[in-house]
Amino acid sequence: MAAQIKKYITSDELKNHDKPGDLWISIQGKAYDVSDWVKDHPGGSFPLKSLAGQEVTDAFVAFHPASTWKNLDKFFTGYYLKDYSVSEVSKDYRKLVFEFSKMGLYDKKGHIMFATLCFIAMLFAMSVYGVLFCEGVLVHLFSGCLMGFLWIQSGWIGHDAGHYMVVSDSRLNKFMGIFAANCLSGISIGWWKWNHNAHHIACNSLEYDPDLQYIPFLVVSSKFFGSLTSHFYEKRLTFDSLSRFFVSYQHWTFYPIMCAARLNMYVQSLIMLLTKRNVSYRAHELLGCLVFSIWYPLLVSCLPNWGERIMFVIASLSVTGMQQVQFSLNHFSSSVYVGKPKGNNWFEKQTDGTLDISCPPWMDWFHGGLQFQIEHHLFPKMPRCNLRKISPYVIELCKKHNLPYNYASFSKANEMTLRTLRNTALQARDITKPLPKNLVWEALHTHG
């Protein structure tokens, strides 16, 4: 029997397959049709839609275990990429993935989850004890702060469970994600994964990364003044007079907004779970959110008066707002771009759009892995306890290829973020017409 003749497709021809119902990707030079798979893709539809029509080997390697490769054959179109090539950066990146796998750095680290759960149990017990068995206002305030710390730590577990297997059993891993996010925090793990996977794929794309799309309250670039389109939310991000007013003073309102940011996450979670959007384990997630909506208000109701109840809730939200600040520090002051994420410069875009936070090892528990955000973006399935180990390898690779490896102290990162917000705020004040008088009496009397 004669050998089968290979069929080829060029990169330009591949680009034409980037529309709903016609989604092709290339992995190691082989073209795959994922049009029908998009609705069942565990990582959601957005990554496939965003990278369709491109060579995406590096992104595939970053997000999928080795066991996934055997599933690709059923999507193979029979076409090979005629002009397929691998950059030196990608070659070295893939070598690192292979070496780290050989070193066992991707292996499950259940002890980290267990230690975090023990810490969460302690925080929960202390907060509940302070509410139920103590009478002082300051104790109740402290109990609210402890609840905020609990939400931060449960967020790290949800983050870990959403990225990789924190335990050996897949069903238990899903339960851990729902328990940490939905039951303890009231946040849908399904919504978080949908949002967070998009952020990883389109790191710092103003049109595709939802973690930069906070109009009307915050913008990190004057490019938003042109009313860009969010391909994540599938709507126009209109920069109107109200947006301009808020943005003009965003460097003053940044921290208060971060303290209240969790309220938006509650709303987004409910929208996700109560609409027709495809959600795995919808019933389990709704049950988890119901559990939270019972125990937290019940605990708050045990406080002696409405003043202390409001104080407790504000303290909880404000403390967990530190986590929202941490998310922002990693990207707000970094390089941004307009347009689709590219599959052929995966390593470069992840390093260019990300900032590490330098901290001593004994503070790793506080940052939950975000202090090594560059490493996390490049190797998202790696347990966070190993990110410090691989940092020297990443630094060396960045130096070899003259790529940025940006890092700053926690205080410096805050300063950089506020500077970015202030620069954009000042630009917003200057464009075209003055701010509407009925919105900005205070603005007319405020400077800086």
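Glycine is treated like the rest: Cβ placed from N, Cα and C.
Swiss-Prot has this to say about the protein:
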- 6-90: domain 'Cytochrome b5 heme-binding' (DOMAIN)
- His41, His64: heme binding site (BINDING)
- 112-132: transmembrane segment (TRANSMEM)
- 137-157: transmembrane segment (TRANSMEM)
- 159-163: motif 'Histidine box-1' (MOTIF)
- 172-192: transmembrane segment (TRANSMEM)
- 196-200: motif 'Histidine box-2' (MOTIF)
- 212-232: transmembrane segment (TRANSMEM)
- 254-274: transmembrane segment (TRANSMEM)
- 286-306: transmembrane segment (TRANSMEM)
- 373-377: motif 'Histidine box-3' (MOTIF)
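As a summary of secondary structure, the motif 'Histidine box-1' (159-163) carries 5 helix, 0 strand, 0 coil according to DSSP. According to DSSP, His64 (heme binding site) sits in a coil region rather than a helix or strand. Listed by sequence, the residues of this chain that lie at least six past the ends of the transmembrane segment (137-157) yet keep a Cβ under 8 A from its Cβ atoms are 113, 116-117, 119-120, 123-124, 126-131, 166, 176-177, 180-181, 184-185, 187, 262, 303, 308, 311-323, 368-369, 384. Packing around His64 (heme binding site) is summarised by its Cβ count: 16 other Cβ atoms lie within 10 angstroms of its Cβ, all protein chains included.
Within the same chain, residues at least 6 positions away in sequence whose Cβ sits under 8 Å from that of His41 (heme binding site) are Val34, Pro47, Leu48. Sequence-distant contacts of the motif 'Histidine box-2' (196-200) (same chain, six or more residues past either end, CB-CB distance under 8 Å): 43-44, 46-47, 50, 63, 159, 162, 208-211, 232, 377, 380. Packing against the transmembrane segment (212-232) from elsewhere in the chain are residues 46, 50, 195, 198, 202, 204-206, 238-240, 242-243, 246-247, 250, 253-254, 257, 331-333, 336, 338, 340, 420-421, 424, 427-428, 431: each is 6 or more residues past its ends and has a CB under 8 Å from a CB in it. Counting residues 6+ beyond its ends, the motif 'Histidine box-1' (159-163) has Cβ neighbours under 8 Å at 112-113, 173-174, 176-177, 180, 189, 192-193, 196, 368-369, 380-381, 383-384 in the same chain.
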